[in-house]
Amino acid sequence: VEGIEEHEVEQKLICIYIHSPCMFQDAQKSSVLNDNVLGAFLQSRQVAGLSRPIVIQFWHDMVLDSSNATCVFWKPGAGTGSAGSWSQDGCKTTHAEGTVTCHCNHLTYFAVLLELQVNVLSPAQLASLTRISTIGCSLSAAATLCTLLLCCFFRQSHAVPTPCPPSSCRQRLRDNTVRIHMHLLAALLLLNCSFLLSTLLAAGSKELCQFTAALLHASLLCALAWMAAEAFHLLLLLVKVYNIYIRHYLLKLCLFAWGLPVLAVVAVFVFKQDTYGCHTISTSEGYGNTTIVLSTRCWLTSRSAHFATLCYAGLILLFNTLVLGRVGMILRRIRQQTGQARKDWVTVLGLTCLLGTTWGLAFFSFGVFLVPQLYLFTILNCLQG
């Protein structure tokens with residue numbers, strides 16, 4: 001233990017090692033690493049506010065990072081008989097392979113708090129979800145690639161130079177529909193391929209894994225942006241009554257759906273590269289919290305970046321859902337006139353997939369919805385292509 005030095009005065013450092021799952025239980029029944037608690041005290045006085053923090057290392061054989069393991073100290077309860085709590089005030093955490101290092105500016109009882117999910121999945125469930133996502137993304141990548149090749153082939157074989165008059169604005173919008181579909185397919189192909197590569201390259205070099213994680217992040221943002229472009233284009237086709245001409249329409253959509261997401265990811269990768277790295281997917285079972293590592297992939301390692309991505313996806317999905325609701329109202333009105341209900345509902349289901357509204361299932365990962373939501377989210381979205 002470093003950081004306790006007082007010249008010309010002999011100090012006795014008392015260390016207490018406790019290995020018990022029953023002691024130091026807070027109201028949340030939190031779990032600590034290996035049920036180990038280390039107490040450090042000076043016999044003569046209390047120590048707090050050290051300018052040079054003490055350094056304590058905890059060894060383990062798990063896969064831990066800043067998202068699931070934090071250095072804490074025990075804070076006794078205020079009243080008689082009241083349970084205390086774990087606090088991380090004054091402590092900083094650093095991670096290395098097989099060790100968690102705590103830097104604290106005081107002496108008390110220390111431990112490493114494991115932030116385990118309440119609704120943790122079983123190893124069998126996580127393994128099945130991993131297999132479903134791998135198979136689904138492989139099929140989706142193959143399907144999108146074949147569709148893109150067929151679209152390119154037919155467009156070249158049936159290309160006839162027939163200029164569209166400037167007054168035919170709605171015809172121009174219809175001509176851009178297939179192009180927008182192809183851009184969305186390209187984004188989904190990139191997303192599926194980078195997702196599959198993120199698992200294969202997780203065991204490679206750190207720099208390669210970070211680049212793969214950035215590619216996966218950029219492809220996800222681009223795919224969501226092209227779903228928003230699909231919704232906007234659908235809004236112009238069905239909702240707008242008057243003809244609208246937008247100069248360089250497709251180019252502006254490309255700048256929005258390709259340019260902005262890639263620019264944001266490149267900026268993060270250049271200025272804060274540690275945002276990307278190796279992300280571990282694991283579960284714990286048993287009272288001893290035995291960690292079972294199922295897979296690792298290259299992905300976001302920053303909570304703030306993860307939260308920003310969720311907000312970005314939430315805004316896009318909200319816009320797409322509103323557009324889908326508006327289209328549903330239009331189809332309902334048409335159904336009352338023609339009586340083609342079944343065809344209209346098939347159209348709505350197709351638009352639900354096209355606009356990516358099934359990605360909104362990610363916001364229902366809690367409580368009793370967790371397991372069915374994860375299976376629905378995995379099956380529907382990995383087969384989107």
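For all residues, glycine too, the Cβ spot is worked out from N, Cα and C.
TrEMBL does not curate its annotations; it predicts them automatically.
Here TrEMBL flags 1-120 as domain 'GAIN-B'. When pLDDT is averaged over the domain 'GAIN-B' (1-120), the result is 79.
As annotated by TrEMBL, domain 'G-protein coupled receptors family 2 profile 2' applies to 129-385.
Nonlocal intrachain contacts for the transmembrane segment (180-203), taken as residues 6+ away from its ends with a CB within less than 8 angstroms of a stretch CB, comprise 133-134, 137-138, 140-141, 144-145, 147-148, 151, 209, 212-213, 215-216, 219-220, 222-223, 225-227, 229-230, 233, 250, 253-254, 257-258, 278, 295-299, 354, 382, 384-385. Among the features that TrEMBL reports, transmembrane segment is placed at 180-203 (among others).
The feature transmembrane segment is assigned by TrEMBL to 215-238 (among others).
Residues or ranges marked as transmembrane segment by TrEMBL: 250-271 (among others). Within the same chain, residues 176, 179-180, 183, 187, 210-211, 214, 217-218, 221-222, 225-226, 228-229, 232-233, 305 sit at least 6 positions outside the transmembrane segment (250-271) and bring their C-beta atoms closer than 8 Å to a C-beta of that stretch.
The annotation transmembrane segment is assigned in TrEMBL to 305-324 (among others).
The transmembrane segment feature in TrEMBL is assigned to 345-371 (among others).
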Remote residues contacting the transmembrane segment (305-324) - C-beta distance under 8 A, at least 6 residues beyond either end: 217, 220-221, 224-225, 227-228, 230-232, 234-235, 268, 275, 348, 351-352, 355-357, 359-360, 362-363
Secondary structure content, the domain 'GAIN-B' (1-120) (per DSSP, counts of residues): 3 helix, 50 strand, 67 coil
